[in-house]
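Quick notes on the structure that follows.
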Amino acid sequence: MASQSLGPNGGVLSRTQALSHLPQRPPVNISFQDLTYTVQDGKSSKLILRNINGEFRSGQLTAILGPSGAGKSTLLNILAGYRVVGAAGSICTNGSPRDLRQFRKLSRYIMQEDLLQPLITVQEAMAIAADLKLGSEMTTSKKRVVVDEIIQMLRLHKARETVTERLSGGERKRVSIALELLNNPPVIFLDEPTTGLDDVASSTCVSLLKRVARGGRTVICSLHTPSARLFAEFDHVYVVAAGRCAYQGSAAGVVPFLRELNLPCPKTYNPADFVIEVSSGEYGQHVERMVSAVDNGRNHRWRTFAIECAEDVIEDQDIEQLNTGNAEEQDKIYCSTAAQQFLILLRRMLLQTVRNRGYLWLRVGLHLFLGFIIGTLFDKMGYDASKTIFNFGFCYACIIVMFYIPMMPVLLAFPTEVQLVKREYFNRWYGLKPYYAALVVSRTPATIFFSLMYLCITYPMTSQPLETSRILMFATICILTALISESMGTVISSSLSVVNSVFMGPALSVPLMLLAVYGIGDGDNPSPLFWRLARACSFLRYGLEGLVSAIYGPPRNDLVCPDDVDYCEYKNVAYFVKMMGMSGVSFWLDVGVLALMLLAMNLAGYYLLRQRLSPNFAFRAIKVIGRFIKTKISVSPH
Ligand SMILES: Nc1ncnc2c1ncn2[C@@H]1O[C@H](COP(=O)(O)OP(=O)(O)OP(=O)(O)O)[C@@H](O)[C@H]1O
C-alpha cells in the first residue's frame, strides 16, 4: 500500500503521486568500512575519523549526531565525495566499491550555508535549475509540472514569487532542497539542515525530508541537538564521538541501548541530548563502552528496534532491478549540453545584472562623477601645446580609471559567487567551461557601456581630436583595458577570500601602474633589458601607448601654442611622442597584445577557478608545499 501524507492544500498526496514526472533513479545504499580521515594540523597530523563503519539505506532518513567537533561534517563530506584527500578505508554503494565519478552523478550535497542565487524569485530559480538539470529532452510544460510538484511538496507555494534574499531561514533551506530535488537524486546529503531554524520550521523541514526519503531516496543529515520530537522522526541515527561510531540504530533504540550500558536516560530528558552528552563525556568515560557495544558501527543490532515503517523500506531485490535499468542515464554527466548551459546561465546572469538596479545606478553615478572631475581637471588640454604633458596625464588618468573601476567590484563580489558556483558545480548543474564563458560574456556589455559613458564626457571636455578613427581607437584601448582589469579581478578573487582579494588587487596594481610609466621622458634612449621585459608584463603600458598613438599618431598637425605663452616645447606631436619614448609604437600591435592579454587573463581565471573547485595533482602538490613552508618556516613574530 502506498503511504499517504497531507498535500499542500490539505488534500491527500500519495507517495506514488509525488514527483511523478521526474526521471526514475536507482535507490542507493551506502556502507563504509574502516573509514579513517587524517588532516595535517600545523606540524602534526590529526586523526579525525577512526576506523568507523556504518550503513545508510535507501528509503530512510538518517541523522548523524554527536558532540561538536566529533567529526559529523567530516564524515558527511567524505561520504558525499566532497573531501577525498586524507581519507582511507572503503565506501560501497549497493555493496560494490563506490565509483566516485558515478556516485557524484547520483548524489546531491546541500551545504549548511543556504547560498542561493540572488536577485531571482523562487519560481525563476526553480525554472532555471529545471532547464539545467532536466535538459531539453523534457518539454517545458512537463518541467513546469515537476517544478510545481516540488514547490507544493516542500510547501513553498506562498514564497513562489519572493526574491531569494527576502526568504526566511526555513524557506531558504527548503528552496535549497527543492533545487537539488529537481532531477530526483537517489542520495541527498545535508549538512545541518535545521541550524538557524525555529522548532516549527525545523519540524517542517525534517518531515519533508522524511517524505523525500520515503520516495526511495537515501537522505543523510548531520545535526546538532534535535528536539525530542524531531529526533523521533528519524529512521536511523548514527552517533559520532571523537571520530568513532558510538551508536547506530533506530531513534527508538537509543534509550534501551544506553540502558543496557547502565546509562539510564531520565524520563523527562530528550534522548538526543542525552546520547550527545554521554558521547561528549559529560557523565564519565563511557564512549569506549558505547563504541565497543556497536563495534564501531559494525553491529546493526539496534537498527530494527521498534521500526514502524518497514513497508516503506525498499527491498534489496528492487535495488538491483532499478540499478540495471538506468545504466545509460548514469553515464551522462550533465543533463543539458554545453551550449544549452551557456545560454541558460547567460540568461540568468543578464537577468541578475539588470535587476541589480542599485549597483547599476551606482556605476552610472561613479562614471559620471569621474568623467566630470577628470574632464574638468584636464579641461581643453587636448589641443593646447603648452599643456601637452598634462594631456599625457589625461591618458594615464583614463588608464587608471579603466583599471580600477571594473576590477574592484569583481574583487568584492566574486569570492561569494565562487561559493555558489562550488555548490552548483559539485551538484552537477553545469560544467565550468559554459559557466565561465557565460560569466565573461554577461559582464562585457555593461563594461563597454560604462567605459563609453565615461569617454563621452571626458573626450570632448578635454578637447581631444574629434576624428572618427581617433575616437574609435581611443575607445577600443579603453574598453580592452577595462575588460582585462575585470578579468584580472576574476583571476585574483577566484582563489582568494574577499579580504585577501581586496588586499591583493591594489597590491598587484601598484607595480603595474609604475611599470606603465617607467622610462617615460628618456626619449629614444633604451631602458635596460630587464626593465623593458618587466614593462612588457604590464598591460597598462600597452594601454597607455595605445591611447598616445590614438590621439597623437600621424597624421596630426602641430598643436596650438596660446598667445600668452612664450615657448611651447611640445608643439610638434611627433617630437613629444619621441620624448615619451613611444616613437616606434604601433597602435595595432598594442591592440593585438592587449587582446592576447585579455585571452590569457580569461584562461588563467578559468584555470584557477577549476583548480579551486577540483584541484589536479600539480595544484594539490603546490598546496602541500605551501602548507609545508608555512609550518616549517614561521614568519610570525614570537
Ligand atoms: N582541515 C582541518 N584541519 C585541522 N582540523 C580539522 C580540519 N577539518 C576538521 N578538523 C577538525 O576535525 C574535527 C571534526 O570536525 P567536524 O567539522 O567534522 O566536526 P563536527 O562534528 O561537524 O562539529 P560541529 O558540530 O561543531 O560542526 C574538529 O576538531 C575540527 O577542528
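For all residues, glycine too, the Cβ spot is worked out from N, Cα and C.
The domain 'ABC transporter' feature in TrEMBL is assigned to 30-267.
Counting only same-chain residues 6+ beyond the ends of the transmembrane segment (358-378), those with a CB under 8 A from a CB of the stretch are 390-391, 393-394, 397-398, 401, 405, 409, 446, 450, 453-458, 461-462. As annotated by TrEMBL, transmembrane segment applies to 358-378 (among others).
The annotation transmembrane segment is assigned in TrEMBL to 390-414 (among others).
Under the heading transmembrane segment, TrEMBL lists 434-459 (among others).
What TrEMBL records for 471-492 (among others) is transmembrane segment.
For the transmembrane segment (498-521), the residues of the chain that approach it from at least six positions outside its boundaries are 396, 399-400, 403-404, 407-408, 411-412, 414-416, 488-489, 492, 527, 531-532, 534-535, 537-541, 543-544, 579-581, judged by C-beta separation under 8 angstroms. Among the features that TrEMBL reports, transmembrane segment is placed at 498-521 (among others).
For 587-609 (among others), the entry in TrEMBL reads transmembrane segment.
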Cβ contacts under 8 Å made by the transmembrane segment (471-492) with residues that lie 6+ beyond its boundaries: 398-399, 402-411, 414, 439-440, 443-444, 447-448, 450-452, 454-455, 459, 464, 501, 504-505, 508, 539-540, 543, 546-547, 549-551, 553, 587, 590-591, 594-595, 597-598, 601-602, 604-605, 608-609
